[in-house]
Amino acid sequence: MALVGVLALQGSFNEHIAALRRLEVKGVEIRKPEQLETVASLIIPGGESTTMAKLAEYHNLFPALREFVKMGKPVWGTCAGLIFLANKATGQKIGGQELIGGLDCTVHRNFFGSQIRSFEAEIAVPELASKEGGPEVFRGVFIRAPAILDVGPEVQVLADYLVPSNEENTGSEKKVIVAVRQRNLLATAFHPELTADTRWHSYFLKMATETGEEASSSIVAVGADLNLDQQPKIDLPIFQ
């Protein structure tokens, strides 16, 4: 199985690597532009999106990340990672934040409210179930989560969520999109890495086959030693 990179500037990257390990796949932390050359696909985890953007800018990662997307390599963004991949984001802090782009959608940052309004919910995932088996629902963990307000014609909606009428940002009951795919890009507003269900990770890994990236020469088994230059981890709040 090809090596999977996990952007490790801040946030829940360790949880993604652990989920990959349960599937017997090697995940490697990515902190520098040149490290992207060693991986066939990339996961951008949940975290504090503004902090992640500042760290990515500091390490000059944005040009390399945009090129990675343009090359057609599989990229999955969860929560804050979804915001990074969106072409447009609303509800941002003053001054906004830099985005990678590539995903034809508009995302509302922190759509569901503050940390105390975080929640879990069963969401229907017919596409995931058809490809990966298992239940027709997935337990979504939403932590200061964004929501997708609209998508372009090439974006496939994989899951939505019915927002109760008493939730923030709504005047009546409505659906918002919480999982999408557009060619090589996958995005979820929730955190599959915080559950024991690895179907989203398996689904993402199979995207590498579909896009031809399984032919990559970066084949590394779990337990293999990689001599990538590691920087000290930055102890910052985890969630977007």
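Using the three backbone atoms N, Cα and C, a Cβ is placed for every residue, glycine included.
According to TrEMBL, the features are:
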type	residues	note
ACT_SITE	C79	active site, nucleophile
ACT_SITE	H191	active site, charge relay system
ACT_SITE	E193	active site, charge relay system
BINDING	G47, E48, S49, R109, I143, R144	L-glutamine binding site
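In this structure the C-alpha atoms belonging to E48 (L-glutamine binding site) and C79 (active site, nucleophile) are separated by 9 Å. In this structure, the CA atom of S49 (L-glutamine binding site) is 9 Å away from the CA atom of C79 (active site, nucleophile). Considering only the recorded positions C79, R109, R144, the residues lying within 10 A of H191 (active site, charge relay system) on a C-alpha to C-alpha basis are C79. For the L-glutamine site listed in the record, the two most distant Cα atoms among G47, E48, S49, R109, I143, R144 lie 12 Å apart.
Distance noted between the C-alpha atoms of G47 (L-glutamine binding site) and the residue listed as 'active site, nucleophile' is 7 Å. E193 (active site, charge relay system) sits 11 Å from the residue listed as 'active site, nucleophile', taking the Cα positions as reference. The least crowded of the binding-site residues S49, R109, judged by other CB atoms within 10 A of its own CB, is R109. Cβ neighbour count within 10 Å across all protein chains ranks E193 highest among the recorded positions E48, E193.
Highest local Cβ density among the recorded positions R144, H191 belongs to H191, counted as other Cβ atoms within 10 Å over all protein chains shown. G47 (L-glutamine binding site) is surrounded by 27 other CB atoms, counting those within 10 A of its CB over all protein chains shown.
Annotated pair I143 (L-glutamine binding site) and C79 (active site, nucleophile), C-alpha to C-alpha distance, rounded: 8 Å.
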